[in-house]
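Asks: Per Swiss-Prot, the feature (6S)-5,6,7,8-tetrahydrofolate binding site maps to GLY122, HIS123, ILE124, GLU245; the stated evidence is sequence analysis. Taken from Swiss-Prot, the feature site 'Plays an important role in substrate specificity' covers HIS227. As annotated by Swiss-Prot, N6-(pyridoxal phosphate)lysine applies to LYS228, with the evidence given as sequence analysis.
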Amino acid sequence: MAEGYREYRDKVLGFIEDHENWRKHTINLIASENVTSPSVTRAVASGFMHKYAEGWPKQRYYQGCKYVDEVELIGVELFTKLFGSDFADLRPISGTNANQAVFFGLTQPGDKAIVLHTSHGGHISHMPFGAAGMRGLEVHTWPFDNEEFNIDVDKAEKLIREVEPKIVVFGGSLFPFPHPVKELAPVAKEVGAYVMYDGAHVLGLIAGKQFQDPLREGADIITASTHKTFPGPQGGVIIYKRFGETEEIAKLQWAIFPGVLSNHHLHHMAGKVITAAEMLEYGEKYAAQIVKNAKALAEALAEEGFKVIGEDKGYTESHQVIVDVSDLHPAAGGWAAPLLEEAGIILNKNLLPWDPLEKVNEPSGLRIGVQEMTRVGMMEDEMKEIARFIRRVLIDKEDPAKVRRDVYGFRAEYQKVYYSFDHGLPLRLRE
């Protein structure tokens, strides 16, 4: 009887193969995704996936962890070196899990937090309906300057003094420009607040020294996922310097384990470690090319007739390009993103700061990220070609199937994962 279920295995493996073939021939511009190197993929598919470990290396609650411990200790060494921190905890299994640990470790129900609203690019885990709310925090949101596409510093300073929060959170999901950590962290600390920086989207840019340096600008803690501009497997990390009293750090560590996780997905942990080594070796060049590509794509899209956000600020300082398509169709991003998918161009619709929340399914914006296409070797010239593909679909109204054929041929030339020990740098950066 069990033999009859083999077809489900075959179907699943078939769908996986179909997905991999499809993805290799699309232009993936999802800002929260990336591609791992063969070495990292090997680590994630290793026998570490079968192992269980709880607690700190050399202090496990399970036996048989001697090799796992060595890998995790290497990881702590590499992450602290990469980010210039005192501590790095690789155990969180996602960025949201890392945020949970900080909220549960350093705050109490009823404490106040100031975060970025989701309409302004804040992450759902920061909100009353996310991890912050589940902790029972009273959530306030940063005043936002739509023209600057950033936190309003003067109004934020006033809000901090009025609210006297226990924690303030910088960072988010719509993140083209650095946040004013340097300006606002001292004010937060005046009222006794912890300063947390959610670097999920920009962790690789921080590692590559191409974005702001939160720990040097006043943040106590960086939380992040490890699979966006930091091109590792899906997972999380908490990076921090010494802050407060020893007992406060102990509370944070206790919140991670046994608070919000037990075993920490050791195969993914191993992949994070190899990715950290790759970023120490290649991260500065990778991050620099990401920012160059984002700027090039933004400029090219503007030249093709799109309304790209942030023109007076150089469009972007990160991997993200934000486009307002509300003038192209009543459904705006809700129309554009599926149409582009038909053409093999993958990105996501996104609320813009002036959108009401009820427009979540038909928001004004598109969020574009260039980190994955950068990692497969694309540079500024390729960004211009991508902009032309997008114009053909959304402005020229060409048949997406026709554009898809051209996208397939274009993407076929970019199949290696660079900025890695497997393939080194792209050839054009070796010259």
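Start at 1 and count along the chain as shown; that gives each residue its number.
Heads up, the Cβ atoms here are built off N, Cα and C, so glycines get one too.
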Asks: To the nearest Å, how far is the Cα of GLU245 ((6S)-5,6,7,8-tetrahydrofolate binding site) from the Cα of HIS227 (site 'Plays an important role in substrate specificity')?
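Replies: Cα of GLU245 ((6S)-5,6,7,8-tetrahydrofolate binding site) to Cα of HIS227 (site 'Plays an important role in substrate specificity') measures 32 Å after rounding.
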Asks: Tally every other Cβ atom lying within 10 Å of the Cβ atom of LYS228 (N6-(pyridoxal phosphate)lysine).
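Replies: Its Cβ has 29 other Cβ atoms within 10 Å.
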Asks: Enter the number of other CB atoms within 10 angstroms of the CB of HIS123 ((6S)-5,6,7,8-tetrahydrofolate binding site).
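Replies: Result for HIS123 ((6S)-5,6,7,8-tetrahydrofolate binding site): 26 other Cβ atoms within 10 Å.
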Asks: Rounded to the nearest angstrom, how far is the Cα of HIS123 ((6S)-5,6,7,8-tetrahydrofolate binding site) from the Cα of HIS227 (site 'Plays an important role in substrate specificity')?
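Replies: Counting only the Cα atoms, the answer is 16 Å.
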Asks: Quick check on the recorded positions: of GLY122, ILE124, HIS227, whose CB has the lowest count of neighbouring CB atoms inside 10 Å?
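Replies: Among the recorded positions GLY122, ILE124, HIS227, the sparsest Cβ neighbourhood within 10 Å belongs to ILE124.
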Asks: Translate the DSSP assignment of ILE124 ((6S)-5,6,7,8-tetrahydrofolate binding site) into the three-state scheme.
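Replies: Where ILE124 ((6S)-5,6,7,8-tetrahydrofolate binding site) sits, the three-state DSSP reduction gives helix.
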Asks: Within 10 angstroms of the C-beta of GLU245 ((6S)-5,6,7,8-tetrahydrofolate binding site), what count of other C-beta atoms is obtained when all protein chains are considered?
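Replies: There are 9 such Cβ atoms around GLU245 ((6S)-5,6,7,8-tetrahydrofolate binding site).
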